[in-house]
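Reviewing the structure listed below.
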Amino acid sequence: MVKQTIQIFARVKPTVRKQQQGIYSIDEDEKLTPSLEIIVPHDLADGFVNNKRESYKFKFQRIFDQGANQETIFENIAKPVAESVLAGYNGTIFAYGQTGSGKTFTITGGAERYSDRGIIPRTLSYIFEQLQKDSSTIYTTRISYLEIYNECGYDLLDPRHEASSLEDLPKVTVFEDPDQNIHLKNLSLHQAATEEEALNLLFLGDTNRMIAETPMNQASTRSHCIFSIHLSSKEPGSATVRHAKLHLVDLAGSERVAKTGVGGQLLTEAKYINLSLHYLEQVIIALSEKHRSHIPYRNSMMTSVLRDSLGGNCMTTMIATLSLEKRNIDESISTCRFAQRVALIKNEAVLNEEIDPRLMIIRLQKEIQELKDELAIVTGEQRTEALTDAELLELEKLITSFLEDQDPESRLEVGTDMHKIHHCFHYLKKLLNDKKIHGKSTVSSEIKDQDCQEPLKEEEYKKLRDLLQQRNNEINILVNMLKKEKKKAQDALHSSGMDRSECGHSQSSPFPPGNPEGLRTLPSSAPTQVQDVNTFGYRSSLLHRKTVMREEMSLGRQEAFEIFKRDHADSVTIEDNKQILKQRFSEAKALGESINETRSKIGRLKEEITQRHMQQVALGISENVAMPSMPDLLEEKLRSQLEEEKIRYKMMFTRLKALKVEIEHLQLLMDKAKVKLQKEFEAWWAEEATSLQVNSPAVNSLNHMKPFPQTPESQRERFQLLCNQSDVNARKILPSPCPIPHSREPSSTSASLEDSIPEKPASSIPLTGDSQTDSDILAFIKARQSILQKKCFQ
Ligand code: ADP
Ligand code: MG
């Protein structure tokens with residue numbers, strides 16, 4: 001058992017403005033427990049009559065200032081937790097802080113750069129790397145991703161991928177069994193055998209999370225997301241299974257509706273944006289106070305789900321994310337206060353071991369058979385009839401598996417029947433003789449080779465051969481994929497007259513859209529027992545959905561989408577990532593070719609070594625002399641070359657693997673960005689359509705002679721007309737480069753727009769109609785542009 005208080009860390013988000021300096025300081029001198037001092041500016045402190053303190057000091061395990069990168073955060077915070085999870089303990093890392101302070105950035109990562117990937121992808125990478133290294137244990141990794149919004153749980157890994165709102169996702173409920181264990185009903189668990197599969201699941205969940213969010217629910221700031229890695233491990237032959245869970249939690253924004261003074265007491269329930277965060281605080285308070293017997297876990301779904309993480313069987317870590325700007329002082333102080341309480345909570349983590357009943361049954365059956373055999377010896381009962389064919393076959397199978405078993409302790413269990421024992425001896429003798437004859441004629445050179453070199457067991461050869469074959473396959477797939485890519489690029493060049501949107505699409509992804517081939521088909525796991533879901537399908541399905549959406553668009557809409565896309569801030573990111581991807585692909589291609597060359601070279605060297613052996617043996621036989629005891633210099637040289645090539649091969653292969661992960665990650669980031677773009681376009685389009693409909697008489701008056709008929713197509717044309725007033729203006733009308741902050745009211749766009757129309761309120765435009773002049777319309781357009789521009793620079 002490991003007793004440990006919850007570890008608390010602080011991370012300060014980089015500030016944009018320099019003037020924020022002097023608001024806080026970090027005291028690193030106190031090496032063991034560094035402290036963060038938050039200094040309240042005089043102008044702010046004056047306002048708080050109740051409290052005259054001007055600075056507040058908080059101790060943390062470590063404080064990461066603005067310059068700390070994602071790698072540092074992972075190494076110092078997440079890696080130790082991942083290590084204890086690998087050792088069989090439960091672990092939890094949760095990020096707590098106000099909206100915009102960097103919780104999602106820390107837990108999941110930024111949406112732009114590969115280097116910005118957060119704790120989840122890095123932890124997955126680390127865990128799978130460790131699992132691969134440890135071949136002595138059998139591991140199973142399963143993933144779940146839960147979102148809790150308004151006390152309701154939603155399964156983000158819904159394999160049906162049809163969610164367009166949170167309510168479309170399967171609802172997850174909590175129930176407690178008689179032993180008071182918490183279970184989550186309807187939360188799917190997906191087996192992931194590789195980092196790639198796990199990463200696909202993370203992006204599937206994140207994309208569902210993004211699609212399901214509406215301005216009304218503001219799910220990203222008001223919901224909690226729990227990404228869980230369930231790890232089971234078992235030693236071969238053992239009936240004991242270890243289970244460990246790692247929860248990576250992105251909590252809802254901790255801000256309160258009404259800001260209180262920095263010295264203010266904890267706010268009352270009603271003032272919390274998020275009731276479940278209030279319950280979390282209550283649980284934390286109860287846990288940090290001694291002699292409290294009742295801990296109110298059941299009050300909220302989140303505290304129920306995280307019951308073990310809070311004061312239970314878990315090694316828990318909290319990251320307080322801080323955005324230390326003047327306007328956030330009180331929220332930052334409140335976050336630090338919360339952390340200080342959390343640090344008082346003691347957890348007791350135990351190894352979660354249980355006996356696998358299936359394995360236990362096998363073991364007991366064996367024991368029964370042994371006892372029966374012993375009994376037969378004691379009673380002296382022996383069979384008289386000869387062994388049946390089936391029995392003989394069974395015995396031979398037993399002998400073969402006994403011989404193949406690497407375990408020196410393994411036993412050949414045939415019972416006490418003397419017929420069987422005799423048959424075993426006969427069979428073994430036969431095998432030994434066969435091997436001798438076979439060995440003499442063909443393997444003698446190898447045996448001698450192994451005498452003077454480090455002996456390589458048959459088993460090792462087999463392993464190496466399999467590994468080589470496996471890597472060969474991987475490279476072939478990669479090379480095929482690159483070839484396809486090249487062909488596609490050429491095809492795209494040929495068909496330059498193609499539909500613009502389709503063209504853009506095909507160029508935008510280095511892999512064919514909806515085609516999960518290529519890197520994604522690298523060796524994967526057996527189908528999962530838990531949920532028969534092919535994770536490779538996720539991405540293709542999301543892409544398919546995107547393509548279908550696009551196909552459903554009218555031509556005009558597609559055109560608008562192209563402009564929207566071009567002017568959207570994210571398109572720069574997508575373009576950048578596309579360029580990086582191209583580079584990585586060329587690197588992967590070159591590397592793949594070098595690997596191929598090295599592989600052939602290894603093959604040639606091996607061939608040469610074998611031939612050299614044959615020559616030596618032949619020489620020995622023809623001259624009737626024993627093999628020279630001196631090592632053969634040529635052979636030694638060949639062997640050292642072989643070793644060098646193997647090292648080169650390994651290095652290149654490791655690099656290719658890292659490239660593969662990076663390419664995968666970048667592609668998923670791009671897919672997500674594209675889905676986001678599409679979603680934002682849909683919202684914007686709907687808004688435009690509504691606003692055009694509302695203002696149609698005004699627009700009609702602009703075109704006195706020829707009023708637009710009221711059809712969707714005419715709306716589009718009208719929109720085009722508005723856009724075409726000037727190309728520059730048209731682009732400014734498109735609002736995309738600045739996503740609307742979530743905290744705004746959903747209708748803020750039209751409201752603020754109408755408010756700002758000069759002289760005549762916009763709302764009156766559609767009502768009067770008759771007195772509208774061209775200048776009114778121009779004023780309307782200009783006002784609209786200025787609003788949208790303002791938003792862009794906010
Ligand atoms: P939260 O999840 O707490 O609401 P986010 O993680 O979404 O906040 O962060 C808000 C914005 O700040 C995002 O654009 C994010 O990329 C950026 N950001 C947060 N932390 C950092 C950091 N440490 N370095 C760079 N950018 C950051
Ligand atoms: Mg967030």
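Heads up, the Cβ atoms here are built off N, Cα and C, so glycines get one too.
Per TrEMBL, these features apply:
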type    : residues                                                    : note
DOMAIN  : 5-345                                                       : domain 'Kinesin motor'
BINDING : Gly97, Gln98, Thr99, Gly100, Ser101, Gly102, Lys103, Thr104 : ATP binding site
REGION  : 488-530                                                     : region 'Disordered'
REGION  : 733-771                                                     : region 'Disordered'
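Secondary structure at Lys103 (ATP binding site), as computed by DSSP, is helix. Highlighted here are the binding-site residues (Thr99, Gly100, Lys103, Thr104) whose C-beta falls below 6 Å from ligand 2: Lys103, Thr104, in sequence order. Taking Cβ-Cβ distances under 8 Å and a sequence gap of 6 or more within the same chain, the neighbours of Ser101 (ATP binding site) are Lys13, Thr321, Leu322, Ser323, Asn328, Glu331, Thr335. Classification of Gln98 (ATP binding site) by DSSP places it in coil, neither helical nor stranded.
Within the same chain, the residues at least 6 positions away from Gln98 (ATP binding site) whose Cβ sits under 8 Å from its Cβ are Gly253, Ser254, Glu255, Ser323, Asn328, Glu331, Ser332, Thr335, listed in sequence order. There are 20 other CB atoms within 10 A of the CB of Thr99 (ATP binding site), with all protein chains counted. Least crowded of the binding-site residues (Gly97, Gly102), judged by neighbouring Cβ atoms within 10 Å of its own Cβ: Gly102. Listed in chain order, the residues near the ATP site other than Gly97, Gln98, Thr99, Gly100, Ser101, Gly102, Lys103, Thr104 are Lys13, Ala95, Phe105, Gly253, Thr321, Ser323, each with its Cβ within 8 Å of the site Cβ centroid. Long-range neighbours of Lys103 (ATP binding site) (same chain, six or more residues apart, CB within less than 8 Å of its CB): Ala95, Tyr96, Gly97, Asp250, Leu251, Gly253, Ile319, Thr321.
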